[in-house]
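Undergrad: Residues or ranges marked as domain 'GGDEF' by TrEMBL: 257-380. Annotation comment: TrEMBL describes 14-35, 42-61, 73-94, 106-125, 137-159, 171-190, 202-221 as transmembrane segment.
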Amino acid sequence: MNLSELFLGSYARLYSYTGVLVILIMIFVMSVRLFASRRRKAYLSLTIAVAAVLLQYVLLLGTSLSGGPSSGWTGAAAQIIEVASFIMINRAIYQLYNSTKKRHHLYFYFSLFVTMLLALFRANVPRLFEGTPEQLASLEGIGLDVYLMLLVFVFYVTLPHLIGQSRTYKFGLFVFFIVHLAHLINRYMLELPNAALTLVELYVPLLYYFILFLLLFERIVELMQASYRSSITDGLTGLYNRRYLLSRAGQFIRHGYPVSVLFSDIDNFKKLNDTLGHQAGDEALKTVAGIMIEESEEIGIAGRFGGEEMVVLVTDSSVDMAEFAEKVRARVEADAGVTVSVGYSKSRKGITAEQLIAQADQAMYAAKTTGKNKVVKYTASLGAAAK
């Protein structure tokens, strides 16, 4: 068996359709599991669309195994399903990144309505026209084929900028365009199919559905990352939350790394909320949080401990904490329109993360009660006074 017989012979379509079915089954399983766990319309749309494509390729595979022609009712059904499922898949990809408004539903149903009209035209070609069986067969399919090519252009122009993976999506549409163009040339422009174009028709769809698989997989990764990020950060400020900060501090201390904690509290924050409103308070929180993030970027991590309390876990032992704390205090006063009282403490042998943060909190309280807008270092005397 030579290469031509292997890739273009009697089993070529069997190889191609089976490969596509394997990829489609993986996408289908992923979309079903996503819909079962999240109940989003996008996953339901994708599940229905992939089920339709599976049906299309089952019909094509059945025709290939039976050795019959691809025309007749199976060919007509496969072509109609191909167009409808292409519309549904692109709608589902859009829904993965966007909420669907009423006008989007109208576009979708109108596209399917046009598909049904062209399907009716296909079914009535023998009644409307006269010609040889070959001529009628070509006329039957050309409406849906041209419409599918038009849809590729419409989606390429209108959707990529609305989708997070725009380059991957555009590449997928380009691959589909190449496949469909090869089909149009072979079907309507040549007396006999061209071998190279037939190869494109048979095997490049594998690449298209693999790209679709990658789109879904990457979206799952994005959602997992976003879910994890939201579980460890504060929604308003973007700072790490109390639980994550305590966890990270505990990890460093258990492994014997020398760390320090800066504990800050915005001065007169309740008064700011009462006089200027909660929006002004939120803006102050976000501004101070931005300063904390910038100042701790290369030496540790910043978190919101609760209310107007913000903490920096300093993991760089070379940092002069007195100098760093004063720099933070001065920058907040200069840039945020508010002031902060700051306390800090350094880890010692036998101390836990909770104790270290509590010490920095005590130092901050000392700054708060002795004039505000100042920095205080934790000392044993502060701890004794607190007891």
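Cβ from N, Cα, C; glycine included.
Predicted automatically and left uncurated, TrEMBL annotations should be read as such.
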Undergrad: Against which stretches of its own chain does the transmembrane segment (14-35) lie, if we need a Cβ under 8 Å and a gap of at least six residues from its ends?
TA: 7, 43-44, 46-47, 50-51, 53-54, 57-58, 60-61, 64-65, 202-203, 205-206, 209-210, 212-213, 216-217, 220
Undergrad: Which stretch, 42-61, 106-125, 137-159, 171-190, 202-221, tops the Cβ pairs under 8 Å count with the transmembrane segment (73-94)?
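TA: When the Cβ pairs under 8 Å are tallied, 42-61 comes out ahead.
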Undergrad: Apart from its near flanks, which chain residues at least 6 from the ends of the transmembrane segment (202-221) lie with a Cβ under 8 angstroms of it?
TA: 7-8, 12-13, 15-16, 19-20, 23-24, 26-27, 30-31, 34, 46, 53, 89, 93, 96-97, 164-165, 168-169, 171-172, 175-176, 178-179, 182
Undergrad: Report, as numbers and ranges, every residue of the chain located at least six residues beyond the transmembrane segment (171-190) whose Cβ falls under 8 Å of a Cβ in that stretch; write 'none' if there are none.
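TA: Long-range Cβ neighbours of the transmembrane segment (171-190): 86, 138, 141-142, 145-146, 148-149, 152, 155-156, 197-198, 200-201, 204-205, 207-208, 211-212, 215.
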Undergrad: What does DSSP give as the helix, strand and coil breakdown of the domain 'GGDEF' (257-380)?
TA: 60 helix, 30 strand, 34 coil
